[in-house]
Structure formats: C-alpha cells, structure tokens
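For 48, 54, the entry in Swiss-Prot reads NADP(+) binding site. Here Swiss-Prot flags 125, 126, 127, 237, 238, 283, 298, 299, 300, 301, 302, 324 as FMN binding site, drawing on sequence analysis.
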C-alpha cells in the first residue's frame, strides 16, 4: 500500500508532484446523477490557489481544473471521476542547492530514509501543492452532502488570537486571512509582514465547523467520526495537532462543566443541548450539533534564514531555502481543512446509509 487514497465508500486518490506537469485526484464511490461541472469545483480552488495576496506564496497558478471522466451530459455516472490541475509556474532551478542537502523540518530526510531517493523540486509529493487535489475532491464531496454547511476560518496567527466576541461570519471572505474578526486582520498583516522581512514564518490555527450534520452519522470504537476527522486533518501538510470540540481544554475542565446537558426539544427537534463542548460528536457518532474541528499548523520551515543541517553524505552544512513560499501556511490551509471535512462527511453519509438504510 502506498497510502495515497483516503475514505471508505466515498474515496479519493491524489496524484502528482509540486513540479510535475500536473496533479489531480480520482474520486471513486460518488453516487450517480449529481450535477457536476468544472464550475462547481473552481470556486473552491480559487480560494486556495497561490499568489492571491502578498501574505501567501507568489507562485502564480491558475489551478484550473479539468474533469476527465465520470461525468456525462453534466451528471455523475457513478464511475471514477478524474480531476486534473496543470502546473504552469514551476521554477525547479530554485531547488538545485538542496538536491544533496536536507532542509530541516521538511520531508527531505524522511523521504530519503524511506525510498532511497526523493524529488527535491519543491518537496515533490510532500509539497502543500498536493492539497489542491484534496480541495478539488472536496468540492465533489460537498455535492453529496448538500444538506451540510461547512465553514472554515483562522482563529489564531503567530500566537495572536481572534476576539470571539467580535466574531462576524460575513468578514471571513472579505480579507486574505479568512479571519472572522476585523480588528485582528490589521494585527495579522503586521505579524506576517514582519516575519517575511525577518526571513521567518509563523504558525496558525484553523477552525472548521460543519452545520446540520444529522445525528447518527459516524460509528463506535474503530471508525469514530471524530477519529476519521482527526486522521483527515493530521494528513494535511504542516498540521501538528487536531482538536474536536473543546479538545485539550476538556482535560482542564470538570465533569459538571464539560457535560453537554440535554433538555426537551423545541418544535421540530428531538433534543436541545445546552452547550457543545463535545464538538458535535459523542461516542464517535454525530449528535446533530455543529461539528467543530481545530487544526494547529506549524510555521513553514521554508525560510531564507540559514539553518544547520547535513547533506546526503552526512556532512554538516547550512541550508538556505530559495524559491517562493508562504510566510504562513495556515492561511491557505483553511479551504483544505474544509475539503477534508467534506470528504469525511460524504463518506460517513454513505456508510450510515449502507448500515442503517437511512
């Protein structure tokens, strides 16, 4: 197994490298009869694509998606859907200096240890460029779960957190940080600008919420909804931690405070919860509350400041990373986390239907 695929019934396989001619995904298990065209996918890729602001990498890619199979007369056929995105702005020469050197905190040494060779051009398969394929596949998944609304945003950048009391969903797509707090945007601009001037980078925290997830999706024990979400998010480049609901704060709480009390429902609902510390999942199964996931992303190690390392011969060297890179990879990770949420939920919907008939 090469582990380039994700999912059970709704499954996708990503392919391609950062500096190859193209990359893409093959989505398998999509139900037939759904209306699908490139126009359904492109808006999500546009949110992720590079070069959209001075706060992201200046690599310019249109990220224009092409549907190669699985769609006939505008509808899915139930057969594999192949999606392709061409790479058009590679500068492989920028990486010639690291062909024989290992960049600290990158996959260089680990890939060499596993495979005995590596594509050093932009990190090859380990590049965040691969996440474009996930976003494309996630756009297809959203069609399967049209009843669910998914919204991601940044809640922290460079150690600076948003003011939860100032949360405004309308602000999220009005700034380059996907930030719901207007006052935080100005602070984050300064943080990223200063990091770039200093030849450095900063980390971030992405929060993603899925609304209207039906109670019952998920499974106990070894296929829990929250474990599937955690695996999906931990597979994203630069993610070093995942929380569901209150996450680690739950360990600092008490049973009385952390329990999401239930009350008789209002009209049309089975139950009303008085809080959502669990993040919409208990015992691995959705409760019908919003599903809340947070991902911590490390600062990119692709910085212009010299870092101590070794070469393939084991000799001490200092590595300087050239090329064009994000000063904060967490910014463009927002649509990626959304995509992985969609892919997991589409899979869980089909699994729930297969198991229960509902």
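Note: Cβ is positioned from N, Cα and C throughout, glycine not excepted.
Features as recorded by Swiss-Prot, highlighted on the structure.
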{"residue": "48", "record": "NADP(+) binding site", "DSSP (3 states)": "helix"}
{"residue": "54", "record": "NADP(+) binding site", "DSSP (3 states)": "coil"}
{"residue": "125", "record": "FMN binding site", "DSSP (3 states)": "helix"}
{"residue": "238", "record": "FMN binding site", "DSSP (3 states)": "coil"}
{"residue": "298", "record": "FMN binding site", "DSSP (3 states)": "coil"}
Only counting partners 6 or more residues apart, tell me which same-chain residues put their Cβ under 8 Å from the Cβ of residue 48 (NADP(+) binding site).
63, 131, 132, 135, 332, 335, 336
Set of same-chain residues at least 6 away whose C-beta sits under 8 angstroms from residue 127 (FMN binding site):
17, 18, 237
In whole Å, how far is residue 54 (NADP(+) binding site) from residue 300 (FMN binding site) when you measure between their Cα atoms?
16
Between residue 298 (FMN binding site) and residue 54 (NADP(+) binding site), how many Å separate their Cα atoms?
20
Rounded to the nearest Å, what's the C-alpha distance separating residue 54 (NADP(+) binding site) and residue 125 (FMN binding site)? Just drop the number here, would you?
25
